[in-house]
């Protein structure tokens, strides 16, 4: 059985056992304990080109300014390439290295975006050119520098950027869909930030589901915009290649499950399912998880029901009149669905229900009664839920009819062999 304590995003259990604890609180890349020095390193990269060494300042880089400082001088990447005697390459992205890695590779992996730095023709102009000629040439270069970016901005004018402001983004790649959680996003390959129905995946792994040879920054799209463009617009911010924050250092096994309870959508000490990404507070799950047993496997009720094969041919009336003891798991499964939906605002069309704490509280009472074996038949259990719906909706007629229709949907889903 695995356990996670989701508040500090750190592992407290032994990695040699399946049982683990992890405390996670949704957060951005934090400052490390060494203070200002590491804060500066987050925005600086050591770079080399040929035999020249320098420091790339990311803020200046993204603003397309002279961003590399070397030997008391500032350079654009194209100028630093010449300074390092690599101008014959004519491709600064491969000529300039960071810790031995070409910048082109960092761009492909999402650590850096790729602003356009045009070579300065002014510096290559002959000395005999007049000052006026140089000014005209400089103006022409400035237009070329901004041409590509202007074209992109024109294409994006029709997109409402407010749709990207939340903590999560709906994403698609081919026929696959998922939810990207911004606080988990780090890079393309080393952080599981996309939640699908059955897994947490890195952007690269998510791309491979539909496009094995695809590129995640181009092929993963949110609201019609590729992730690569969202990085350029600072909607997503990849962590630096030398980032040593807790998010980037977290073990992969701690990224396999949700960071909040699937039922109540809050953090704390969670029990993790070994078959799906769900995690639960012990008090929220039905039935309550058993005792800690290092190395043991645990499956949530959702997975147990999914894997269960039933040969029951009873009619609905037969089930309703049957003892609860024959359908305990089915009742727990149905109640878990209702508890999740009541506490995580999944009733968008029933405003009077989700805003009223009465619903979750009274469903909690049904949960307690079910655990205490207070219901003799399935009909008594269903009647108790209908009672909650009746007393915890504001617009009694409309909302009650919607809620009872939802109960009917769940009942037919849970008892599908009928």
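Numbering starts at 1 and runs along the chain as it is shown here.
Any Cβ shown, glycine's included, is placed from N, Cα and C.
Any TrEMBL annotation is an automated prediction that lacks curation.
Feature annotation from TrEMBL assigns compositional bias 'Basic residues' to 1-10.
Residues or ranges marked as compositional bias 'Basic and acidic residues' in TrEMBL: 122-140.
Under the heading compositional bias 'Acidic residues', TrEMBL lists 141-156.
Secondary structure of the domain 'SAND' (34-113) per DSSP, as helix, strand and coil residue counts: 31 helix, 22 strand, 27 coil. Summarising the annotation, TrEMBL assigns domain 'SAND' to 34-113 (among others).
Summarising the annotation, TrEMBL assigns domain 'SAND' to 156-237 (among others). Each residue in the domain 'SAND' (156-237) gets a DSSP state, and the totals come to 26 helix, 20 strand, 36 coil.
The domain 'PHD-type' annotation in TrEMBL covers 258-306.
Here TrEMBL flags 1-40 (among others) as region 'Disordered'.
Look at TrEMBL and you will find 122-156 (among others) tagged as region 'Disordered'.
Counting residues per DSSP class in helix, strand and coil order gives 6 helix, 7 strand, 36 coil for the domain 'PHD-type' (258-306).
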